């Protein structure tokens, strides 16, 4: 009894961070108030028109400062009460009392998401340190590719050898690719291995590695033979549901005497006439199909490139889901995403440090973090939209969940169906499973609106988490020392900006809709939590003030228009305080999270690049979709590596092999800042107006320093990854146009 009374988890409030954060908030807020007073007082001050900047320039800068101040205010909600958590898996009940778990893995394109890598993710999920009879792994193949189905069969065969090897020798890294890439150098793996068992381990390891190489060779040979080429379009194919039992006639191994996790291949029906709702649609199909096959109360969702790096994640998640203090209202446990392919220099800010090390910890101190798309264990009940009890009217349930009586039956009952019964069931069951995966099943239901993963935007994870919190559910963010999930980050500028545009569009779409967090959310959740969601939804709108600050002060500098106070003025200290305190606070957070000054510079640089590229296009895309002028679009990020791009990335050199659409804005901004900086210095030398224009010069110089890789790509580099001269020419033309228009509209009165 004493053992059971001990808590399964603990929450630690970061008192030191709270004191530092709130002190900075107070000082920074006071400085912003003084700044606003300075801007407003301009309109009530009589000065000669010759020394007075134009009203338009002043108003634009003032609006940009107000927007940045508003975004800063929203951002402080993430820093109000940061917490960390501890889990105690050793205090969980015995295996027989642990709840079953369904694992959902989604893939869409075998060309962009290599099949062998996807199968490594599947195998790592099958190898979780959890009772195998309580693990059910489902792969959604939106491409309907025969190659993926073949890979599943081969992966199952290899797993029959891999799972007992991992269990027998206590392997921690249970993704085969990661294990053999590191040559099995997990220091935990060799603990307690004596001379005799070490020889046994080495021998078994060689055999398993041979099996792994054979597995890869078979999948690659199948692909090369052309059998993997689908005769059906990835957008036009029927539904397929198949329990995987393997395909080869390998010798019987010890694993055959042990239970294996259920492995299921699902390719939902896709027709050009039906909207398939991207990843959210695929997850909802898996919810329905798994609902009649295993119906586990908890679901782990993983991206196909995000493998299980620690087999204990299921037990650690259950420490929160089974904790009686928090479990009644707990919807999901979110683990951070970590990436194995991030270089030491991380020039593209691929770690997303500010999000995973700062924002989610802060949200966890309120009502919990946002859903982050992968690496989370979610309670199935929370996705049903309302509690399902026996005796609920079947017709009402069908209006919500569709016309499958089999699915409704399992929604209503508490006993979970047995996979052993399922495996021997009739052909009628498989027809029902395919019906649940059909593209027309959701017509007339509330799937994607009130139940399941929601369809409001391509950012289905954000919107689903937001809605769950609005309904009163809570969540937990848990970041143990050993990363539980490891994946592949974008390591080239093109994929990074495409991905950023997609994210920006999805987030801004929610912010522009009737579900705006500041309105819809503030009525249904605490104000600080709604501010956190609002900051994420409006984050793409950072592009507006950043674009203003990248152009207006520069044009004013070239024309001798002072839009900041003189250096000799007391107000100049206030502006300097706002600027410097923001940078220092950011630097502190970077260093406090265990990262370097280089990471701080990279984050500042990528923030500026994203603001004038992906955030602009994402905001425009969301606006057009809200106006009904454009449909939502989605394309998976390319996971296949390019050797030359990878080499440049490891060297810390930007690769500018991307479209002119992305290159032109950043190059135009750099040329504009360089030209105006030279012009401003020349004006100051000739006319002696340093006191009035020095602050603008410092701002322009800061932009140029942070933009050095762009300048290098234009001027100094000759390799394939440079900025093409044609882009520089187009950007120079745009710069001249901006200068002409700006000088015409922002000249002195």
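Heads up, the Cβ atoms here are built off N, Cα and C, so glycines get one too.
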6-24, 25-43 - the one TrEMBL records as transmembrane segment: 25-43
Long-range Cβ neighbours of the transmembrane segment (55-75) (under 8 Å; 6 or more residues past either end): 28-29, 32, 35-36, 39, 42, 531-532, 534-535, 538-539, 541-542, 544-545, 548-549, 552-553, 556, 561, 563, 582, 745-746, 749
Residue, out of the binding-site residues 112, 279, whose Cβ gathers the largest set of other Cβ atoms within 10 Å: 279
Packing count at residue 303 (Mn(2+) binding site) (other Cβ atoms within 10 Å of its Cβ): 23
Ranked first among 25-43, 536-564, 723-746 for CB pairs under 8 angstroms with the transmembrane segment (661-681): 723-746
Largest inter-residue Cα distance among 112, 113, 142 [record-listed UDP-alpha-D-glucose binders, Å]: 13
Residue 142 (active site) and residue 112 (UDP-alpha-D-glucose binding site), Cα-Cα, nearest whole angstrom: 13
In sequence order, the recorded positions (113, 279, 303, 461) whose C-alpha falls within 10 A of residue 142 (active site): 279
